[in-house]
C-alpha cells in the first residue's frame, strides 16, 4: 500500500470499457469553462494514480517491443489496447522510441523482398516530410484567413464599405480619387455608423453614435467568442502555449489538438481580436498550427501509432505557427527549440525549418497585409545607432524586466483568485465585463481605439515625407511652420506633445487591461500586448532622447555623434527595442526573440541593441523569479512538467523522496508466479495504483520487472474473451515458462508480454540531483528504488515535483502551493481543521498528513 492514493478518472477499477473510452470536451466543461480533473487522472505517480512524463519500459506483444529479451514473445498474439495511454496520462518515451526502432528494422528487412515493400519503405521515409508539408500549407492558409477576417471585423466596429461590404477601411479607399494626404483614410465609399444612422459625420451626436456602435460590436464579438468556446470547444480558450509545452513533454490531453478545437479556435480568435480586447493572435496561432499537425499525423501510421513520433510533428508545427504569426521562419524554428520543445532531434530541426518555410511561402502568396511582405511591421531606418544609445536601450531592458516580473505575479495572482472564488464560475460574465471596460475606456484615445498591430506599426515607423501621424508633427528649423518630411532632428510640435500624453495614458491602460485579459475564456495571446506596451514606452523614451539631443547637442554624450541639423536619434528604433525588451521580460526568451524581432521588422543592423535590451530584461526579470509566464501558468494549472531550466542544488537522497515513506503501509507488489486471477483482481480493486513492481516471491523481494495497472486489466479482459479455461482460480505468471501445477488446475494466464523486464532503478543512496537530471533527460515516468536488488519503493515524476515544491516552500515560507489545493481546508490548516505547526514561521507539512488529506489538482481554468 502506498502513502498517496489518488483515484484514476477515466475508468473504474477493472472496467475495460471505461478504460478505453477517452474523456470528451463536454465532460470537462462546467459553468466556469474548462475543468481538467487532474485529481483523478493525472499520471505523474504510477503507484499513486498520477501522471509522469517519460519512461516506463512496459513490454507489449507484437510490434511493441522495447528489449531484445522479449523476442520469444513475438510468437504470442498481440493484445489490443496494451501500450496505449489514457487521457491525462504521460507517454513512455523509451517504449515509444523502441517501438519505432523495431518498426524501422522491420521495414528495412523487408524492403528487398519485393517492389511493393520497397515502395512502402519509401513512403515511410517520406511520410515525415509529407506531414510537415501539409501542416505548413494548412497553417499558412489559416493564418492568412485569420489576418484578413480580423482586419475586416475590426474595421466593422467603426463603419462599413458601401461599395464592397467585404472590404476593410484601407481597401475601401484604395481606388478612391477623393482622398487627401492629410486625411488619406477618408473617402465617400467608407461610411461610419453615425453617417449611416444619423446622416451626419461630425458633431457630438455623431461621436456618441460611433461610441455606442463601437461598444456594441465589441461586446457582440466578445460574447459570441466566449459562447462558442464554452459550448463547443472549452480547450480553444487561452494562448495554448503552456499546454503545448506540456503535451510536447509527453502529457496526453485528448481533444486539445482536435478538429473541433481547431475550428472553434480559428473562428473565435478572429472574434476576440476584433473585439478590441488587449490580446493578440500570435500565441493562439501556435495552437492552431499544432492542431493541424496533430490532425495530419493521423493520416500516417508512423505517427498516429507512436506518441513520441507525433511530438516531433508537433514541434515542427509550433515552428510553422510562429513563422506565420510573425513572418519569421527562422525565429519560429528557434522558438520551437528554445521555448516549447522537450525532445528536439536533428531531423526535427530540419523538418521544423521546412514546415516554417512552407507556411511562410503560403502566407506570402496570400499577402493578407497588402504590402507584398510577410509582416505588418516592416520598417526601414535611415540612420545607424550610436554607442551612447546603449544606455537608454539598457534602461528599456530594465523596464521590460520589471514589467515582466510585475505582470507574471499580478496575472498569476488574479488567475489564482479566479480559480478559488465564485467569480471563476461565470466565464461569460467575466469576458463581457472585461470587453465592456476595454471598449469604454479605449474609444476616446486614438492609440487604444485602433488595432494593436496597427498601433505597433505606427510606433515602429520612422517619421518621413509620407507620414501624417501625429507623432511626426515636428516644427521646421527654418520657418517654424509645421512640416512633414524633414528627416533631421527638430523640435517637437504640439501634435507630438499631445501624442506623448495620449501614449502615456495608453501605456497605463494596456498594462492594467492585459493583466486581467490574459486567461479569460477566449483565445488570447500575449505577444502583441507585451510588444505594444514596450513599443509605447520605447517611443516615449525615443522622443525624449531625440529632444534632449536637439536642445543639448553640445553635451558630451551627443557632441561627437549629433551635429546640428543632422538626423541622430530614431524614435522608432527605441519602440522596436522596447517591444523586444517587454516581450523578453514576460516570456524570458532570448535568442529566438531577437531573431523574431529582426525578421519581423527587417532591422538586421540593429541586432546589438536588441540583444542588449533582451538580455537586460531577462537578467532583471530573473532577479525576481526565473519563471516566464508560460512556466508560471504550467505550475498554476498543475501540469506534470519538469522544467529543464530549473537548477537542483539540494543534498537529498532518493530514499527521502521515494514512496512509501517511513511509517507508511508497505509497497504494493506482485509475485511472478504465486498469484491467481482472483488475487490479482483483488489487488487491483483494493488499490488505485497505476503500476506494480513484480518480485520473485514474498521472501526474496528480488525485482523481476514492472507491470502497469491498465495493461493488466486489458490483458485479463482480453484473455477471458479469447481464451478458454481462464477462471478466477487460474494461476497468473510473469515468467517465460509456466509453473508446475496440479493436473486438475485451470488453464494458467501468462502475462509476461506486458511485463517491463528492464525498469529503471536507482539505489536508495542515489543523490536526488542525479535522479532529477535522469528524469529530465530521459523523460522517465518512474524509477524504482532498490537496496542490494531488493525493492524498497518508487519515485515518480509527481514525487519529484512535490519534492521541488517542498524545497521551494522552505526557501519561501508561506508561499502558496502551485500544483494542488487542499480540499475543505485552507492550505494553512491540517486535515483536522486545526492550524498546522510552524517553526521559524515555516509551515510544516508532515508526511503523515499527506496520507490523510484529500488532495486535488487545480482546475485548468486559465489558458
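Indices start at 1 and increase along the chain as displayed.
Backbone N, Cα and C atoms are what each Cβ position is placed from, and that goes for glycine too.
Feature list (source: TrEMBL):
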| type | residues | note |
| --- | --- | --- |
| TRANSMEM | 126-146 | transmembrane segment |
| TRANSMEM | 214-236 | transmembrane segment |
| TRANSMEM | 256-277 | transmembrane segment |
| TRANSMEM | 284-301 | transmembrane segment |
| TRANSMEM | 313-337 | transmembrane segment |
| TRANSMEM | 386-408 | transmembrane segment |
| TRANSMEM | 428-447 | transmembrane segment |
| TRANSMEM | 499-520 | transmembrane segment |
| TRANSMEM | 532-553 | transmembrane segment |
| TRANSMEM | 573-598 | transmembrane segment |
| DOMAIN | 658-724 | domain 'CBS' |
| DOMAIN | 755-812 | domain 'CBS' |
| REGION | 815-840 | region 'Disordered' |
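No contact links the transmembrane segment (573-598) to the transmembrane segment (126-146), because fewer than 3 Cβ pairs that are 6 or more residues apart lie under 8 A. Highest Cβ pair count under 8 Å relative to the transmembrane segment (256-277), across stretches 214-236, 284-301, 313-337, 499-520: 214-236. Distant neighbours of the transmembrane segment (428-447): 211, 214-215, 218-219, 221-223, 225-227, 230, 275-278, 418, 455, 470, 499, 502-503, 505-506, 509, 513, 516-517, 520-522, 536; these residues of the same chain sit at least 6 beyond its ends, with a Cβ under 8 Å from one of its Cβ atoms. Under 8 Å from some Cβ of the transmembrane segment (386-408) lie the Cβ atoms of residues 511, 514-515, 530, 533-534, 537-538, 541-542, 545, 557-558, 561-562, 568-569, 574, 577-578, 580-588, 609, 612-625, 627-629, 632, all in the same chain and six or more residues away from its ends. Among the listed stretches 126-146, 214-236, 499-520, 532-553, the one sharing the most Cβ pairs under 8 Å with the transmembrane segment (313-337) is 126-146.
Across the domain 'CBS' (658-724), mean pLDDT in this model comes to 86. Note: the domain 'CBS' (658-724) comprises 24 helix, 17 strand, 26 coil (DSSP; helix = H, G, I, strand = E, B). Residues of the same chain lying 6 or more positions beyond the ends of the transmembrane segment (214-236) and with a Cβ under 8 Å from any Cβ of it are 25, 28-29, 33-34, 153, 156-158, 243, 253, 255-256, 258, 260-261, 263-265, 267-268, 271-272, 274-277, 427-428, 431-432, 434-436, 438-440, 443, 449, 520-523. The helix, strand and coil residue counts that DSSP assigns across the domain 'CBS' (755-812) are 26 helix, 18 strand, 14 coil.
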